[in-house]
Amino acid sequence: MASDEASAPAADRIRVVGKWVGALEVDLGAWTVPMLREEVARRVGDGVEPDRVGLIFGGRVLKDDPPASLREAGLKGNAKVLCSLNSPDRAKEIAAEAAKAKAEEEHAARLVRLWDAAKALSQRHTDGSFLEDEDYNLDLEDQSGQKVMFGSVEDMKALKMALMLHQKGKTQMKKKMYKEALDVLTMAEEAFSLCDSKLIEKVDNVPMLQLDIVWCYFVLRDVSCLEVAGTRLEKARVGFERSHGKDSSRFRVLQAGRQADLAIYVRLELLEGVVAYYNGHAEKARGSLTSAQAKYLQLQVPDEAISMLMDMGYEARSAKRALKMTGYDIQSSVDLLCEEREKKIRRREEDRERQREILEQMRYGRTPTNKAVDLQKLKGLTTIGFEKYLAAEALRINENDAEKALDLLTNPEQNCILQSKIQAKRSRASRGSSSSRAAAARTAPINNSQASVSAPSHAVDGNAPPHARDGNPPEGNDADGNLPEGNDADGNPLEGNDAQLLDSEEAMINEETANEDEETANEDVDMTDEVAVVDERSNSNPVPARDVSMESELAHDLTGDALDDYDIDVSDEGQAIAEYLSLLESAATASS
């Protein structure tokens, strides 16, 4: 017994004063602040909750987070701790403040993750960096779906980053998360500022962003932003006029006479009227609101017109959108719906082709800086007579520098050395598991869910907002709200002949892909053996750590719908217009 007592750790004594006075024997290394708080609450009695007990030591409040031991909190033997007892309401206030502070900290951390993920995506999908496990590809497109080059490489990175953040903010707006959206939209504005202003002044992405930010102000009823809201709306008005033309004349020509931008101007003129109202400019406010109301009424689609299109096999939402953008013209609406169907088919073909390219790039491995082999430059070298596997390796080791690769290939001595190295490594690979590698190359984890950021059309192309496409998302909606395969860009099932055409097109592409794989099976084995030339472990620049979940969230927020920015449900705007016109009438009546 004496031996057991001697081996037990000696308890430390601390003195507690204040609401409860007494001495406690504690193990400073094992006890935590929450444990001490609970013990003091128990000694106080009367059913006091631990969160009402405040503990102060050495002039500072002892906190539960992080849950450190008392010794780590600075307590020693015979330490004196002051305890206080907060009122129940005050305890709730403290808990609420702590929860709010924690939520703000988490929100700030999430914004940092968003920025870093958007930056990483824009970097990789501009400079050709290569990731085998990435199942999407981001490109800039104009409104017609054509890929575009936009200024310098740095401009393209900044623009892709801004478009992804802007789309994320719009997704949050649709979910009524306006406070969160405002922070993300502000980051998108910062990313746009990194672009050359002369390159983006003729597109409507930036004025659209200004309008979205002010709409968040309005929904949040943030009157403190009234002055800056007016400035932002002026910038939006100037930007829209520059990109759309005076009275949208240029936009109408490029859109074949359609009024797809009408909803934008409903929101713009409403907000201009609201700012004028609060600044005391009643007549200016009335003029803006009256104009907004007239445009709002033009967007009220008759049920009979929707029924006519639905009878043709189109889904109600798609029919309504087409009618709004064509001024209820049935034939123009059908033409628009047919154009959208053709774009979907073309996108799917492009996605399949890009998949084949990614699979081919995977066979050649990465350059020393983790970039994929440039297939266009590879095609140029094979066109002049060099074998593909040899040209690919020459490009790979020369960081896709076509001139250096050509110099290597045309130098007999270096060419011979390169072939010898390739053959030696292929021989080592064939003694290992070349067949399993070939199978792995043909079934690489690249699925059909390719997203692309499409830039707005510029001076020649028509000034569309940022678009994205999502080729074939997984079945069912995922955690990010992605739509199942076969839905259109609005989230609606494909209508009638649209679905049949897309299904037949996909079947044809699948069959074509299968045939190509079968015909080139032996070639795949050879190409996969050539991957052995690339010792990934020897790369001097390893792939940086990725925030996979945040990158995927950003990529899958991209809708693929070229008209998504113009398809605004103006029901809230209609109510606000009526509300402020009524306020103006009441003010006029009172003054008279």
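Note: Cβ is positioned from N, Cα and C throughout, glycine not excepted.
Under the heading domain 'Ubiquitin-like', TrEMBL lists 32-81. Averaged over the domain 'Ubiquitin-like' (32-81), the predicted model has a pLDDT of 85.
The feature domain 'UBA' is assigned by TrEMBL to 300-340 (among others).
Note on the domain 'UBA' (372-412): DSSP counts are 29 helix, 1 strand, 11 coil. Among the features that TrEMBL reports, domain 'UBA' is placed at 372-412 (among others).
The region 'Disordered' annotation in TrEMBL covers 420-528 (among others).
What TrEMBL lists as compositional bias 'Low complexity' is 430-442.
Annotated compositional bias 'Polar residues' per TrEMBL: 445-455, in sequence order.
Residues annotated as compositional bias 'Acidic residues' in TrEMBL: 503-528.
Positions annotated as region 'Disordered' by TrEMBL: 533-552 (among others).
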Its residues classified by DSSP, the domain 'UBA' (300-340) shows 31 helix, 0 strand, 10 coil
Per DSSP, the domain 'Ubiquitin-like' (32-81) contains 15 helix, 11 strand, 24 coil
